[in-house]
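Enquirer: The structure is given below, and queries will be raised subsequently.
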Amino acid sequence: MSDISPDYPTLQSIGWPWPGPPEEAAWKAVFAAHPQALPARVVEQHRTGYVVADTPEASLKAESLPEWQRPRFPSHERAAVGDWVLMEGKRIVALLPRRTSIKRGAAGAHYHQQVIAANIDTVFIVCGLDADFNPRRIERYLLLVGGGGAQPVVVLTKADQTEHAEDALAVLEELEAQNIPLRAVNAKDPASVAALRPWLGDGRTAVLVGSSGAGKSTLTNTLLGTEKMKTNGVRENDSRGRHTTTHRALIPLPSGACLIDTPGMRELKPTGEEDLAEGGFSDVEALAAQCRFNDCAHIAEPGCAVRAAIEADLLDPERVANYMKLRVEVASAAEKLATRVAQNNRGKGSGKRPASIDRPGRR
């Protein structure tokens, strides 16, 4: 790590968002509170701690804030891969505000949020064109991305292993109509993967998300031009992978961009902050607003614009069914979130530290 002053041009090479010192008031305030600290980016996240870097070539194990080590400390308020922190020596002394993020509801009965990646420009939703292909899961990922400030791009891998790539793209054409880019690639072929270049320019940060075995690590290796990430095969009976990536890591690419690889995620629960219109269902939401009844369930009500669109083959009925399911899940999570916020507000008077819920803005 540097021990003099921030080298902003070098920091830009790992995603620093400005040519010099921070320009946002919230960031300036944190810097002012820690005048001796230097910025660094979280490039690895492990159960035992973090690895941070202030150049593409050098990194170090960092000592986290003491409160982050408390079992009941909100997980989404701890640093995640992609976060910017302030360092004094090897110690993290502050977490800088997130500009964007992708989050999910953590597994378990109690309400928690988990940050998958922070300060990202693009989310590559990776899905294999084999038994892994699942439009409903893609829609769930799009919901989690929506409202977080990053651009979603659906990447269909293993395009070389199927004759049905065009059929898969047709299934997802309703998404493309909402300006959600779709790309079918052979993850092992640099010429094919070049289709992702528009989102991997100098200083930009992208994250790969998708199920285990979808080809995320293979895609990472091709973009790097080297076998940096370990890859395994997939089970022939169900095309499921063996969790090649075991932790989240930020990797500088030759293009000047940064790429975050993530382990496959089995559970994708909403946080309650999602916006269905921004999460891949803007067309369904627009039609729902035209229904005769405000509380239309889109099942058999008269004057239902959504059912009319389905009957006219303008909407995929399975996609609408998934929309209805996700709408219920978001509403349920929103109730749990409201309860948690109310509990935190009551805790203010007792001297307990409230757990804030960050809502990143669009970049």
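A Cβ is built for glycine as well, from the same backbone N, Cα and C atoms used for every other residue.
What you see is a predicted model, and the numbers here were worked out from it, not measured in a lab.
If you look up Swiss-Prot, you'll see 112-268 marked as domain 'CP-type G'. Under the heading GTP binding site, Swiss-Prot lists T157, K158, A159, D160, G210, S211, S212, G213, A214, G215, K216, S217, T218, citing sequence analysis as support. The Zn(2+) binding site annotation in Swiss-Prot covers C291, C296, H298, C304 and is backed by sequence analysis. Residues annotated as region 'Disordered' in Swiss-Prot: 340-363.
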Enquirer: Under DSSP, is T157 (GTP binding site) part of a helix or a strand, or is it coil?
Expert: strand
Enquirer: Return the residues near H298 (Zn(2+) binding site), defined as same-chain residues 6+ apart in sequence whose C-beta is under 8 angstroms from its C-beta, sorted by sequence, else 'none'.
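Expert: H298 (Zn(2+) binding site) has long-range Cβ partners A288, C291, C304, V306, R307, V320, M324.
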Enquirer: Which whole-number value in Å describes the distance between the Cα atoms of A159 (GTP binding site) and C296 (Zn(2+) binding site)?
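Expert: A Cα-Cα distance of 40 Å.
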Enquirer: Express the distance between the Cα positions of C296 (Zn(2+) binding site) and T218 (GTP binding site) as a whole number of Å.
Expert: 45
Enquirer: If you draw a 10 Å sphere around the Cβ of K216 (GTP binding site), how many other Cβ atoms fall inside it, taking every protein chain shown into account?
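Expert: If we count other Cβ atoms within 10 Å of K216 (GTP binding site), we arrive at 30.
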Enquirer: So how far apart do the GTP binders T157, K158, A159, D160, G210, S211, S212, G213, A214, G215, K216, S217, T218 get, largest Cα to Cα in Å?
Expert: 19
Enquirer: Taking the Cβ of C304 (Zn(2+) binding site) as centre, how many other Cβ atoms lie within 10 Å?
Expert: 21
Enquirer: Cβ within 8 Å of the Zn(2+) site's Cβ centroid: which residues qualify beyond C291, C296, H298, C304?
Expert: A288, R292, F293, A297, I299, E301, G303, A305, V306, R307
